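Novice: Have a look at this one.
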């Protein structure tokens, strides 16, 4: 985007100075106004905006907490916090050891046992144990959060990191694009994870007509990952159901194999004669509605934003934020703004050209 700034004109500057002097002579200047009329506003950024606010569950590092999509850094900080917690446990054990008064010296009476006392006070031992327990428990909570199959904070951090790259910024590899957004609060994170767990429970239920198990059975009826026969529902939560139905990795592997077989079958049978040479006749048949590849029951969505379902407003908002059509349009659009100055000399030049044009026409007529 280019902006043309006209050069200053000496005549305009002189007129402006005359107007300023006339206005100053007519109107007295108030004594309280010490700044000039063309003062520049200085923007002072908020210092709090430069402090990272990455979310965490059990880490104690505060602003040093890495971004949620920086998994190696998160694992490193979790391990460091766990090691520090173990160090407090070791320190408490050292303080709780018993030692004899005056050290291990030879007692005058061998039958008398030496008097033992603790190395440190009880309050130091209790404080070390509490601190070590808090650090170890916090690192365990953070590890559970990082190992979840679905983490809203991870998706949020990754989304805004991509947005920062699109805008031409280079986000920090450790802290992420923390200047672009404020992370969601813990309550919103809990609600999103709870909704995800409920959806997973619905997908793995065999009684649900639109479940994930029926989809896999349609793609491969001979699959041994999900049992086709009805089984008595055993007591237990989602982990027990996942264990009975099969792991997601096994289901994905089986679906991938079934899709590969279907593609090979289509390429060798129905789409065997589909080449670039007969592309024009095939397109004509498709436009005329006479092709065998047309599904009359297929209803095309009015808005297509990738291979994602948009059954409700939340899913539509998620897809819209992921694809960012307005941001892509802004990046693909180029702006060129030109400012043409207007001054008194331009009108005089135009009048001179109009006056000279009849003379040139007469000269050309005489020459012909």
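Positions of Cβ are set from backbone N, Cα and C atoms, glycine also.
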Novice: Suppose you had to name the range Swiss-Prot annotates as transmembrane segment; which of 39-55, 56-72, 73-89, 90-106 would you pick?
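Specialist: Feature transmembrane segment in Swiss-Prot: residues 73-89.
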Novice: Swiss-Prot lists region 'Disordered' for one of the ranges 1-49, 148-196; which is that range?
Specialist: 1-49
Novice: Which range is it, out of 108-124, 125-141, that shows up in Swiss-Prot as transmembrane segment?
Specialist: 125-141
Novice: How does the model score the topological domain 'Mitochondrial matrix' (90-124) in terms of mean pLDDT?
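Specialist: The predicted confidence over the topological domain 'Mitochondrial matrix' (90-124), as a mean pLDDT, is 71.
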